[in-house]
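Contents: one structure, followed by commentary.
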Ligand code: HEM
């Protein structure tokens, strides 16, 4: 008997040893190293690859160094994921011009979450991608963007109201101003609480806000009102007792309600702030640096991912719990939106609202929203709903999408994947870009003076921008473009060679690799950009002597929104939103940076973001709050 046990133990020992040896051999990645042997690149450790340098320096800075050392095309190992990095504008355009799939982004969450990731437009592949991209497209057409304009302006005005009130309180103006009065009358005490929470005790301490956070709330609010006609109430303060939903991986949809008082109901007052936190957590905890240790193990031992995933669910570490909770909340919110939309559509609500649109009621509502910050978003959301958020009703478009050959529509989970993608892509990138722009403006007084002069000359002190003003704000757009160059929120994108080998410059990349396109490196190429690390908006102005040096000579040197057929579908949406926001906010305020933030620390994950936020003191440009009005309202009144 003992012999049998000893034999079994010996067998087990041999098996374990065999697995360990096999794993060690696999960890050397001999085949991948051999396949990429003709490409230059930094030496990579077995198992860890270049992960230590990537974590220590951040991939944008590390790739910038590699470009200087190894040229514009090189290979790196992201743990055990071997990829080819491209870091030169012309080559980026060459790769981006090919109709290839994005590499799949895999988390350890599994189940429905994996499907939501797989089906969203960013990860969608081949025919399915074509179907959903076509469904998304009308939501970004000219007429749709025009329809979104008043909603965007309303959200920006509301943020400006809040910041101006905070600034005036801190400057000793108290709450007697007209805007504050209007908002209090509208019962919007939440915003006043936010002011106090942000440090604005009237007349005593300087108000201090993380403008990144506030802008994030605004961009989420914009997504809610433009895409879904829903008031996300994202700009309300998060109640102290509110938490995101408890993680639940098994169920789905509307029935599983989170812990009180949060909910996945679009009408709940804390809905938006909880959603903001959830979105932020999704980005933060997807990164190697802040994410779960299980994700790092999964990166190093891809062969063991299913087992690691089981382990992570069984004994989650705090980052895993965070991301699971956030993703659960987001999924429930998406399902909730779909259900709400279907119910509205079923009761004929959409048609009714369409009729109202014809009668022009939405214009009045939106214009009222401009003039009154507190009412702005409710009215704006109502205006959006009144328009059925038509003609660009995003949910309506996606629900109506049909497969060309079978005529079948998308499943609810496939629709939810698009809803989730719109929320995440539409919120984070634009918020980061705007926060970086505020940082750049605050650290460049000359640029700030030019920006204020342009806004004042076009809008004066008390008129909100209209769509017709947009082309008259070239410096404002140049400021945004230059902030996107220095701090591209989507610091990289990729293409996957799943169809076969691909030629990149002098190198052939074999089938089955991810080609990582470093937008950050292209934006920081000193051969292309004079004064590469300086903030010089003038380079984007055609009349500037710097313009022909870059924009005309290397047209794709500036590519914050990517390339070719997989280029960002929301770029015009983002630029319009950013211009409206910058013009509306800087018409009434400037910002002083809190000490200790120069140079700004950034965090690198799926996006490039400010690591600890951007802390500023808002300074009102005028001693008394102005009643900012929309041109349409005045015209209406004049009739
Ligand atoms: C400043 C803001 C934004 C930046 C910097 C940005 C950047 C990017 C980049 C670099 C890509 C990859 C393109 C490529 O692979 O060539 C992308 C894709 C995408 N973006 Fe944006 N984006 C922004 C705003 C938005 C907004 C507002 C939305 C939607 C409302 C959006 C939705 C998407 C989607 C769905 C894709 C995937 C497109 C596809 O694969 O077909 N983005 N974005």
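Note that Cβ sites are derived from N, Cα and C of the backbone, with glycine treated the same way.
TrEMBL lists region 'Disordered' at one of the ranges 345-367, 368-390, 391-413, 414-436, namely 345-367. Annotated range for region 'Disordered' in TrEMBL, selecting from 241-270, 271-300, 301-330: 241-270. Long-range Cβ neighbours of residue 568 (heme binding site) (same chain, at least 6 residues apart, Cβ-Cβ under 8 Å): 425, 490, 561, 562, 574.
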